[in-house]
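First up is the structure itself, then whatever we jot down about it.
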Amino acid sequence: MMIMVSLDHVAHKILTYIPYVLVLIDMRFEGVKCGRDDSVDNHMEMGKKLLAAGQLADALSHFHAAVDGDSNNYMAFYRRATVFLAMGKSRSALPDLSKVIELKPDFTSARLQRGNLLLKQGRLDEAESDFKKVLKTNPSDKEEKEAQSQLTKSDEIQRLVAHARSSFDRHDYVTAAAQLDTIIETCVWDVSSREMRAECFIQMEEMGKAISDLKATSKLKNDNTQAFYKLSTIYYKLGDHEMSLNEVRECLKLDPDHKQCYSHYKQVKKLNKQIQSAEELIQEHRYEDAVSKYEAVMKTEPNVQPFSLLAKQRICHALSQSQQTSRAISVCSDVLQTDPENVSALKDRAEAYLQDEQYDEAIKDYETAGKHSENDRQVSEGLERAQRLLKQSQKRDYYKILGVKRTAQKKEIIKAYRKLAQQWHPDNFQDPEEKKKAEKKFIDIVQAKEVLTDPEMRTKFDHGEDPMDPQSQQGHHHHQHFHQGFQGFNPFGSGPFNFKFNFN
């Protein structure tokens with residue numbers, strides 16, 4: 001019984017204290033609530049000050065905290081929307097403005113701002129609804145005037161959108177594009193209008209403008225795989241395989257199973273790899289292999305002219321560099337028939353003409369290239385060299401004297417020299433006139449051999465300078481050296497011939 005009484009007594013005591021405990025708990029919760037309110041107010045105040053000071057990122061952090069602290073504080077959402085708009089993040093601002101209107105339907109300023117955002121996005125029916133509701137909620141004179149103006153503008157755009165679609169359906173792309181220009185001036189974030197205008201530009205073959213609109217739509221609309229696909233195909237048709245590959249990869253990042261993008265990706269990747277390999281071969285001076293690789297490029301993509309033109313232009317370059325003059329001139333001419341202002345092809349054909357000793361033609365090509373590429377050092381240097389070689393060819397050409405090509409190796413030069421020296425040696429002639437003629441011819445032959453077998457002298461000659469020209473100081477030195485060493489000279493060195501020629 002004593003235990004029972006004791007338990008009853010304890011129970012009575014607990015029951016007696018419960019009201020006081022509940023009061024204390026309520027007080028503690030009130031304290032937390034008060035503390036929370038103070039915290040939200042502090043964040044709001046700090047956010048406003050930072051916003052006024054233009055410190056948008058810091059202001060945004062405080063308004064984030066205010067929203068987290070009180071999800072029913074419509075002013076916290078409104079202030080955060082204001083910061084988003086100031087940062088150019090309209091898509092983030094729109095949900096906050098909608099939340100403000102949900103919490104406080106008569107907040108006219110928020111509704112007006114949302115209407116303006118919806119109008120810019122081309123969501124005309126929703127925008128009109130907001131402007132009409134603003135006019136019904138006792139707005140200020142300024143708000144009423146703005147809402148009425150925007151409502152009128154929205155009605156005009158509605159009609160213009162209908163006209164643009166009609167023009168587009170009739171394939172009147174020029175008219176449709178002009179109408180869409182006016183729409184997009186107001187509806188700057190309207191994806192559908194930009195997509196339609198991009199298609200107009202594609203049909204009008206104004207690819208730069210189409211690219212600009214499609215790039216905008218890829219940013220305005222999430223997961224816009226179609227925009228990336230179209231961008232990739234446009235770049236491909238323009239011959240920009242690298243940009244085409246970049247854009248189709250963006251499509252596959254969003255959707256790895258996208259059939260159009262995957263099929264296009266395989267084609268672009270193959271072509272891109274072939275072109276890169278060909279360029280590496282050119283860098284390694286493996287010109288014949290590079291030609292073969294670029295011929296494979298034309299087989300991979302025979303229907304897109306820019307790639308065929310690129311391949312031919314690079315083949316022209318490789319042939320010119322490998323001194324296959326006739327092939328180079330033919331291929332370069334083919335490129336220039338399609339693209340007369342192709343500076344690279346003009347320079348490469350000019351170089352091939354120089355190798356083929358067609359100096360007048362080389363000068364013409366360099367002059368044409370100069371008109372389309374001012375301040376091009378290769379052009380100016382090439383033109384100067386062609387003019388020097390033309391002038392030189394009108395005087396004395398050591399290659400012609402020996403009857404060898406400009407690409408001849410030293411062994412070929414010596415062989416030609418021996419044959420001609422044997423033929424024109426003055427001791428072979430008895431008639432005084434013939435002997436005099438042979439002496440002159442023999443001197444030219446020996447000088448040609450001296451110049452063309454000396455790497456330094458040959459380089460100078462190839463650049464238009466005659467090392468044996470007595471008018472040149474350096475050339476005069478070589479000329480004197482030649483004269484001094486010619487006494488008792490045996491041009492054959494050894495063999496069946498054993499005679500001397502005294503030069504007087």
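Keep in mind that glycine also has a Cβ here, set from the backbone N, Cα and C atoms.
All TrEMBL annotations are machine predictions without curation.
Keep in mind the model is a prediction, meaning the values are calculated, not measured.
In terms of DSSP secondary structure, the domain 'J' (397-465) contains 53 helix, 0 strand, 16 coil. According to TrEMBL, the domain 'J' annotation covers 397-465.
The feature region 'Disordered' is assigned by TrEMBL to 462-482.
Here the repeat 'TPR' (74-107) has Cβ contacts under 8 Å with residues 40, 43-44, 47-48, 51, 56, 59-60, 63-64, 66-67, 113-114, 117-118, 120-121, 137, 189 of the same chain, all six or more residues outside its ends. Per TrEMBL, the feature repeat 'TPR' maps to 74-107 (among others).
Residues or ranges marked as repeat 'TPR' in TrEMBL: 108-141 (among others). Listed as Cβ neighbours of the repeat 'TPR' (108-141) (distance under 8 Å, sequence separation of 6 or more from its ends, same chain) are residues 74, 78, 81, 85, 90, 93-94, 97-98, 100-101, 147-148, 150-151, 153-155, 157-158, 161, 183, 186-193.
Confidence annotation: the repeat 'TPR' (225-258) carries a mean pLDDT of 96 in the model. Residues annotated as repeat 'TPR' in TrEMBL: 225-258 (among others).
When Cβ-Cβ distances below 8 Å are used as the criterion, the repeat 'TPR' (343-376) is approached by residues 313, 316-317, 319-320, 323, 325-326, 328-329, 332-333, 335-336, 382-383, 385-387, 389-390, 393, 406-407 of the same chain, each at least six residues removed from its ends. Summarising the annotation, TrEMBL assigns repeat 'TPR' to 343-376 (among others).
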